[in-house]
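Here is what TrEMBL says about this protein:
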type	residues	note
TRANSMEM	12-37	transmembrane segment
TRANSMEM	58-83	transmembrane segment
TRANSMEM	103-127	transmembrane segment
TRANSMEM	155-183	transmembrane segment
TRANSMEM	189-215	transmembrane segment
TRANSMEM	227-249	transmembrane segment
TRANSMEM	269-291	transmembrane segment
TRANSMEM	311-330	transmembrane segment
């Protein structure tokens with residue numbers, strides 16, 4: 001029995017787009033959380049967080065970094081998607097995509113609206129009076145200052161942006177899982193959950209790299225974001241285990257996909273997805289927590305290297321996860 005792979009019709013650009021889309025949505029969520037924590041920290045309203053100028057500055061940098069990463073990732077991912085389609089100029093006809101029953105059409109509008117939301121928050125945080133970039137752009141700064149809403153209103157707009165971010169992360173999985181009856185690996189429930197947990201984890205890691213590299217890890221919120229990432233990684237492991245259990249026991253094409261994923265793509269899946277992307281980050285984080293409890297404070301270059309390595313491993317694992325999900329997928333044979 002011969003199984004065809006839907007990946008025969010795709011190239012690396014689709015895997016890269018799925019990777020960048022996940023980072024973009026997760027980075028927005030992380031930046032929004034940091035933005036909220038900065039405002040609460042400045043007002044002394046975050047239980048368990050000391051009000052310090054260093055931490056407030058770090059939250060501000062993390063919030064701005066999250067928006068930069070988010071906007072840059074979706075912009076690059078969108079370009080890859082357009083060029084993969086072969087006719088980039090057809091993008092001018094996007095307004096014709098109105099089929100609300102198609103996740104491809106829905107995804108186009110999600111991307112457009114998300115780009116607007118991320119760009120607006122990036123402009124309000126980075127430019128204008130007291131902007132995080134500290135640039136003097138004259139008329140642009142004036143426009144930003146005039147359009148910037150009150151802080152409470154701007155933070156409330158993160159709810160809309162956050163909803164779009166989650167939809168951005170999940171919609172690609174929903175698009176793939178629409179053919180789950182003939183491609184068992186793309187499970188209609190487990191694949192969206194897997195992409196969601198992985199996307200949030202990658203977003204936390206990509207965003208937390210900014211304060212890690214620029215400010216260090218001492219009193220910058222990096223440790224707290226790392227702990228949040230650990231919790232998400234554990235959830236991702238649970239979802240991935242459930243997907244493997246389903247594939248191994250379903251028989252037929254599902255089991256063939258399981259064997260392709262875990263045997264043919266053994267290095268990519270077990271090596272890069274599981275070991276590098278999931279287990280090593282938890283091992284590094286667990287080691288840092290244990291050292292802290294024993295009175296050894298890891299900071300300076302060692303702390304930056306440790307947390308930077310952890311976050312980098314998460315990103316590598318997220319990329320290989322999406323490539324593995326694409327290339328290990330098999331169609332149910334027609335005959």
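Quick reminder: no glycine exception, Cβ is built from N, Cα and C everywhere.
Same-chain residues lying 6+ beyond the ends of the transmembrane segment (12-37) with a Cβ under 8 Å from its Cβ atoms: 46, 49, 59-60, 62-67, 69-71, 73-74, 76-78, 80-81, 83-84, 114, 117-118, 121, 125, 155, 158, 161-162, 164-169, 172, 195, 198-204, 206-208, 221, 225, 315, 318-319, 322-323, 326-327. Distant neighbours of the transmembrane segment (269-291): 205, 223, 226-227, 229-230, 233-234, 236-237, 240, 261-262, 297-298, 306-307, 309-311, 313-314, 316-318, 320-321, 324, 328; these residues of the same chain sit at least 6 beyond its ends, with a Cβ under 8 Å from one of its Cβ atoms. Highest Cβ pair count under 8 Å relative to the transmembrane segment (58-83), across stretches 155-183, 189-215, 227-249, 311-330: 189-215.
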